[in-house]
Structures are given as structure tokens and as C-alpha cells.
Amino acid sequence: MSVVPVAVVDDSRSHDLRGVKVVWQRELIRFGQDRMRIVTSLVQPVLYLFVLGAGLSSLTKGGMEGLSYRKIIFPGVLAMSTMFTAMFSSVSIVWDREFGFLREMLVAPVRRGALVTGKALGGATTATIQGCIVLAMAGAVGIPYNPVLIVVLLGEMLLLSFTMTAVGMVMAVRVKQIQSVMGLMQMITLPLLFLSGALFPLGGLPTWLQVATRLNPLTYVVNPMRHIVFDHLNMSAELRNKITPPITWWGWHVPVGLQVLVVAVMGLVALAIATQQFNKAE
């Protein structure tokens, strides 16, 4: 009697993909149901653009060739809105732990990396949607709705939101209380914002502050965003270099493409660390 070999199909990959999809969809559903969160997260960008921007425009108009300060800070405000939403989306991990949902996810027949990836993609998607609302205000500050500009900014927002969601998960996965993680997020996000050049030009800064900006991952998103926006504005090369001086490493000018790659690598590293932390989670 001959034995017929039976091939066993390993469907672990399909389970993982299904797990990624379920976690991603859950993040989108939670975001859509929390309308107050969407509204309140728009308050800060609007204040920066239309209050701070209008106030500082009167002080800088003479040395900016008539360029509104709101146009200068718009890329930074766009990055700020995306970063804040991405970072605070990872707070849901602590909520899930408190209400027992995290334990249910951890015992699911999927790898922890799939759960982390689903969380990261969900946070990246919701943060990008939030950024699109701010992006829709571009015309109100005099920035054209150019298709190339919009597509590039969308890609940069998606990359930033993925990276910052992964960074947020690294911090949130080991925290037990929601109060602790909220304070930790505030402690991280504000220095990242102010040291990125989002709200002021990076030219003419003291040496120690220049070093701090180059160590800031948000700098490598704000700078490319500002470059693509300025490509679609009528301004001299001298003014452009004054507002957005090139980022240098030991005197070498870092290309914009490499800056974007730096952010992508940071996101993948943070995702790997978050996965390792999840493997140790209880």
C-alpha cells in the first residue's frame, strides 16, 4: 500500500496579513468615531497658521520680500499636525492594556510583528488623514494647489506619520498607566517640534542649536516639505537659502532624498524595536 504525501500549506502568512488588516481597520474605526478628537487636534495648527503666522508676518515682511510668514511655517505646521496625531495614536496601546483588549490580541494566532505593523499602519493612515485637513488650508495662506506639490506632501506626511507612530509605540508598549504615557508624549513631541525648524528658519542659529536640529528626526521631514513648497512659490534663491539653509553633516550637504531615507530607516528601526517590546509584553 503506497503512501501519498500530503502537502501541508502554511497559512501563517495569511493569518498575519489578516491580523494586520483587522488592527488597521480598528484604528480607522476608532478615529472616525472620535469626532471631537479630530476637531480639537485642528485647533493648534489653526492657531499657529492664522494667529501666530499673521502676527509674525508684520515683523518679517520687510526682510522677506513681502513673503507671508504663514507660507514659511505652513510646511512645519503640516508636519506638526501629522506628528502629534501619529504619536498620540499609539496611546491606544495603553488603553487596550487597561481594558484587556491587548491581552486578547497577544493570544491571537498571529505574530506580534503583524499586530505592531497593523497599529503602525493604522496610526499612519489616521495621522495622514488629519494632515490632509491641514493641507486643504494651503490656499488660505497663499500656497497653490499644485498636483505635484500635493502628491509629494502626501507621501512625506505618510512617511512621517508611520515613523512617529512606530516611535510612539516604542514608548507606549511598556507603560502601564495612561497618565504616564501622556506626559511622556508631551515631553518628547514639544522638543521635536521646536528643534525641527518648523516654526522658524534654521539659518543663523548658535552652533549647539544647529547640532540639536541635526539630531532631530523631524528636521529631515520639515526640510523636504519646505523645499517642495518653496519650489512652487515666487522667491529668490538668496531668500530661500536664508529661510531653509542646507542640512550638512561635517560640511557635506545632505541631499533631500537622503533626508527622506533617514526618516524611513528610523521608522523601520522603531518598528523593529516596538515588535521586540511587544514580544516581551504581558
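Yeah, the Cβs are placed from backbone N, Cα and C, and that goes for glycine too.
Here is what TrEMBL records for this protein:
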| type | residues | note |
| --- | --- | --- |
| DOMAIN | 36-281 | domain 'ABC transmembrane type-2' |
| TRANSMEM | 38-60 | transmembrane segment |
| TRANSMEM | 72-95 | transmembrane segment |
| TRANSMEM | 120-143 | transmembrane segment |
| TRANSMEM | 149-175 | transmembrane segment |
| TRANSMEM | 187-209 | transmembrane segment |
| TRANSMEM | 249-274 | transmembrane segment |
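Beyond its flanks by at least six residues, the transmembrane segment (120-143) meets 20, 23-28, 31, 38, 41-42, 45-46, 49-50, 53, 68, 70-71, 74, 77-78, 81-83, 85-86, 89-90, 149-150, 153-154, 157-158, 160-162, 164-166, 168-169, 229, 232-233, 271, 274 of its own chain at Cβ-Cβ distances under 8 Å.
Looking at 38-60, 72-95, 249-274, the range that has the most CB pairs within less than 8 A of the transmembrane segment (187-209) turns out to be 72-95.
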